[in-house]
Amino acid sequence: MTVEITNALPDIPRIYTAISEWLACMVYVAVVPRTVSLRRTLCMGALGLAVLIGLQYFAGTLPITFWILGMCLAFAAMWAIVRLASGIGKRTALFLTARAFVLAEMVASLHWQIDSFIRPSSAPLWRLQPVLALIGIYGICFAGAWLAERHSFRGDETITPTMRDAVTTSIITIITFAMSNLSFVSTNTPFSGTVGQEVFYIRTLVDLCGFLILYAQQEQIRQTRATLELASINASLQSQHAEYLQSKENIEAMGRLAHDLKHQIVALRAELDPQQASAQFERLEASVNEYSAQQHSGNPVLDVILTTKTRTCADRGITFTAVADGKLLAGMDSMDIATLFGNALDNAIEAASRVADLERRIIKLALFQQGQFVVVRVENYFEAPLKHDAIGNLTTTKRDKTAHGFGVKSIRHIARSYGGELTITPQNHWFELHVLIPLPLARIS
Amino acid sequence: MRAIRIGVVEDDPTHCQRLLDYLNRYQEESGERFTVSVFDDGAKIAENYVPMYDILLMDIQMKQMDGIDAAREIRKRDDSVVIVFITSAPQYAINGYEVGALSFLLKPVPWFGFQQEMARSIAQVRRNTDESMLVDTGTSSLRLVLADIVYFESIRHTIVIHTLSGKLSISSSLKKLEEQLEGRSFFRSNSCYLVNLDHVTGVQESDCVMSTGETLRISRPRKKEFLAALTNHVGTGR
């Protein structure tokens with residue numbers, strides 16, 4: 001592939017390319033959360049290095065017309081390494097490999113450019129100085145890339161990129177690669193360099209631009225996602241609060257109604273023959289009592305939510321039992337209480353409603369103190385299979401993925417804003433949601 | 001495995017009979033063995049209560065002494081018995097947390113709900129029974145009850161076991177202990193601590209507060225994982 005270059009500088013040795021490709025893969029394996037054991041990552045990493053070196057030498061034996069094929073093979077191998085060593089999904093792996101590929105090209109090119117500048121072309125490759133230069137330049141570049149990308153990919157979960165993001169990434173990568181290597185294919189284009197050093201410089205620069213564009217793209221994806229998520233969490237906060245206000249009004253109205261009814265009964269009873277009507281009226285009174293029966297947990301906001309959800313559950317044939325020390329929530333914002341319990345119970349009700357056997361539609365709620373912690377536990381029996389994403393996180397089983405699945409997120413958001421945490425354990429058909437918040441309850445962020 | 005001792009406290013004979021039938025059915029289906037005692041009022045079990053039961057199935061509305069009051073009396077003498085309230089009025093049971101009863105059954109009790117609650121209560125009884133580990137102090141071997149261990153501390157090549165009754169040094173490593181105690185309530189909060197989550201009573205910024213009042217540093221990268229493990233542990237605990 002160096003045929004067209006005027007002063008025919010030798011191009012990057014195959015082994016360097018392989019090392020660079022491998023290191024780039026490892027950078028991305030290191031920045032995404034692993035879902036496979038460390039041992040597997042290490043084994044796959046070691047195996048990957050051997051495969052990449054092997055492939056590079058194999059590609060070296062192919063005629064120059066198969067050069068593109070060689071690059072495609074290397075890319076495929078990198079994709080397999082990233083995927084197998086980290087356990088992420090296919091599309092995410094493609095997304096990362098594209099970045100790794102451009103990064104590898106850039107670092108290898110930069111190093112070779114510097115190397116061919118400081119080392120006389122006749123000097124051997126494997127002396128102390130050039131090897132030190134290799135280690136130094138690769139080390140600094142990949143460490144830098146790791147630091148930069150760690151920031152972009154950090155978080156508990158790698159979110160699978162959308163098809164559009166994956167396509168954009170692929171296009172950027174292909175263009176970067178094509179433009180950076182144009183001079184090696186033909187010097188006779190408006191975008192080609194003709195002098196060796198110049199050709200190397202063009203390649204490094206184009207690769208750098210490609211890498212920066214990909215970095216900026218990831219940054220933008222992250223921003224968009226965060227904004228969307230926040231908007232959804234806020235919308236869910238608002239809707240739970242609105243529902244709370246509505247319920248509060250309804251319940252108050254119901255209370256007044258019950259109160260009035262009681263007075264009417266008293267009046268009626270005075271008029272009629274007490275002996276005969278007594279039994280009937282008692283029954284009437286009991287039913288009114290039942291209607292006015294409200295949960296008294298010790299927190300007015302929680303009472304409203306429990307009362308509302310108890311009615312919803314009754315309508316859907318769900319047995320809902322709650323043990324709750326509402327006084328524990330004294331330091332919590334009423335909107336947060338409404339959102340936390342509202343969402344947790346809505347999710348449970350949604351899942352329990354799908355259970356066919358009415359006897360098995362069960363939801364249990366517990367709010368209690370343990371040590372210096374407030375503990376919330378909401379459990380429901382379920383039958384529908386849960387869906388997990390590529391790395392084992394629960395995802396919504398509802399159709400509209402963008403609108404749902406934020407219930408749990410907003411609960412976690414609230415728990416964390418009070419310095420607490422949320423966990424979910426589905427086991428033996430019981431879906432358990434736990435929230436733990438350190439006392440005294442106070443917002444920390 | 002020994003039989004599980006169950007107290008049924010219920011004043012309505014029909015409901016009581018239903019519970020006894022369910023207990024028999026549960027024994028047949030699960031292979032568990034029960035020893036059942038029946039009381040027809042809260043006062044009868046609370047008076048001269050002996051902490052010998054594993055599980056109490058307790059009605060709330062009873063004539064002389066209601067279930068909540070009886071449970072309160074019982075709790076003065078027995079921390080570990082699992083109390084399951086059975087009531088027709090959920091608003092009475094909402095305060096169950098006062099006596100450590102975190103769920104209850106609604107009358108008329110359906111078989112499925114009963115079975116699930118029993119399974120959970122039995123699991124809790126089994127957890128309560130003291131698990132222990134053998135440690136080699138160099139001169140002798142000792143049996144330590146896991147519940148008494150507050151945390152393990154690694155100081156150079158020795159491990160100091162902090163128990164409720166004092167300290168003990170052994171030569172081992174936290175890594176080994178961590179493996180040995182896998183699936184128990186222990187969590188590695190720091191390069192030198194393996195703490196018993198049962199004894200964590202609070203978290204203050206980057207420290208966890210132990211039941212003994214000691215505060216132990218949680219390493220920054222483990223903080224999130226620590227909180228998650230604790231949340232899970234405390235949430236599933238009772």
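Residue numbering: from 1, along the chain as shown.
In case you wondered, yes, glycine gets a Cβ from its N, Cα and C as well.
Nobody curates TrEMBL annotations by hand; they come from automatic prediction.
In TrEMBL, the annotation transmembrane segment applies to A:167-187, one of the ranges A:167-187, A:251-271, A:314-334, A:419-439. Scored by C-beta pairs under 8 angstroms, the transmembrane segment (A:12-31) has its highest count with A:94-114, from the stretches A:38-58, A:94-114, A:126-147, A:167-187, A:199-216. The stretch from A:64-82, A:94-114, A:167-187, A:199-216 with the most CB pairs below 8 A to the transmembrane segment (A:38-58) is A:64-82. The transmembrane segment (A:199-216) makes no contact with the transmembrane segment (A:64-82), as judged by fewer than three Cβ pairs under 8 Å among residues 6 or more apart in sequence.
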